[in-house]
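S.K.: Handing you a structure now.
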Amino acid sequence: MADIFSTNKNQRISFPAFSNQALYEKTFLPGWDGAWTMAQTFLLTTIAMIAFAGNSLLARTALADGEIDAASYTAIRLISGGILLLALLMRDRRSTPLRDMPGDWVSTFALFAYALAFSLAYLRLGAATGALILFASVQGTMISWAFFGGDRPTPVEMIGLTAAFLAFIYLVLPGLSAPDPLGSALMMVSGISWGVYTLKGRGTKAPLNQTAGNFIRSIPLCLPLLAIGLLMHRPSWHGVLLALASGAIASGLGYAIWYRTLPHLSTAKAAVVQLTVPVIAAFGAVALLGEALTPRFLTTSVVILGGVALAISAKTRRAA
């Protein structure tokens, strides 16, 4: 998630993900000719958003029917994501040695908490609802951090944020069509953890290297988790493949493509485009998983996403 409360709308985010940028471009852009086009930006941004939404769809598919337990799913996701990111970095001979891989343990624990709570939540939540709660929790964490850091919102920003907050409260309040309360709480923990992870890594000059380092650091935490999961439940190969797809493709490749695209997006555009993730997840949940979207979900999703979009728009005008 982008930090919507930093920099101005025309500022470009520039951080080389690889020490050899040309190699990185060839890795993800076959036939790269050195000219970045709007079409390439649109295509890669779309792929990244689909990948992020895909995490919710993959998790719900794997966990809802007992194909795999939450502990094993989390461990396989993080381990496979770390291996994929490490493999990408190792293609550059001048990349950072493994022993000097960037990252830190606070970020690693935040990443681990995000992934574990995410998996546990999807034992109880639908893909669409989980994605919306995750998005709202991440944004709420980052907005709260900005507020307590002295960033005071304008009246228009307050209207948008208040509307989004009240809609979120309504979404998770007990009721016949309310999502499972424990699942909602777990997804809030996941969102807060990802918000902390994002804030901790803000300003890094090599975000992909940083992410790879944190994924790799999480492996010692994942191994006992995997052992516990395997002792309690024997996963199917289908469940394992879904976890691998979430880690290596939706997470690993998704982050790599997103970080490659970010330098070509303004901060405002990067924040706004992420509003599409819960929407994509909702469409995928209906089309692929047969989920029904309740009037309560539809109403609150429009207000939450609209409120955040209004706050982003007002913030970028203020920063201009």
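Placement of Cβ uses the backbone N, Cα and C atoms for every residue, glycine included.
Heads up, TrEMBL stuff is auto-annotated, nobody curated it.
Pulled the feature table from TrEMBL, pasting it below:
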DOMAIN    43-171  domain 'EamA'
DOMAIN    183-311  domain 'EamA'
TRANSMEM  35-58  transmembrane segment
TRANSMEM  70-90  transmembrane segment
TRANSMEM  102-123  transmembrane segment
TRANSMEM  129-148  transmembrane segment
TRANSMEM  155-176  transmembrane segment
TRANSMEM  211-231  transmembrane segment
TRANSMEM  237-258  transmembrane segment
TRANSMEM  270-290  transmembrane segment
TRANSMEM  296-314  transmembrane segment
S.K.: Quick one: do the transmembrane segment (102-123) and the transmembrane segment (270-290) have at least 3 Cβ pairs under 8 Å, skipping pairs fewer than 6 apart in sequence?
M.R.: no
S.K.: Test of understanding: applying the rule of at least three C-beta pairs under 8 Å (pairs 6 or more apart in sequence), is the transmembrane segment (70-90) touching the transmembrane segment (270-290)?
M.R.: no
S.K.: On the DSSP side of things, how many residues of the domain 'EamA' (43-171) fall into helix, strand and coil, could you say?
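M.R.: With helix first, then strand, then coil, the domain 'EamA' (43-171) has 102 helix, 0 strand, 27 coil.
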S.K.: When the pLDDT values for the domain 'EamA' (43-171) are averaged, what is the result?
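M.R.: Across the residues of the domain 'EamA' (43-171) the model's pLDDT averages 91 on the 0 to 100 scale.
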S.K.: Which residues of the same chain, at least 6 past either end of the transmembrane segment (35-58), have a Cβ under 8 Å from a Cβ in it?
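M.R.: Hits for the transmembrane segment (35-58): 28-29, 118, 122, 127-128, 130-131, 134, 242-243, 245-246, 249-251, 253-254, 257-258, 260-261, 264-265, 273-274, 276-278, 280-281, 284-285, 288-289.
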S.K.: Mind checking which residues of the chain, 6+ beyond the ends of the transmembrane segment (70-90), have their Cβ under 8 Å from one of its Cβ atoms?
M.R.: 18, 27, 59, 62-63, 96, 98, 111-112, 115-116, 118-120, 122-123, 208-209, 211-212, 215-216, 218-219, 222-223, 225-226, 228-230, 232-233, 235, 239-240, 242-244, 246-248, 251-253, 255-256
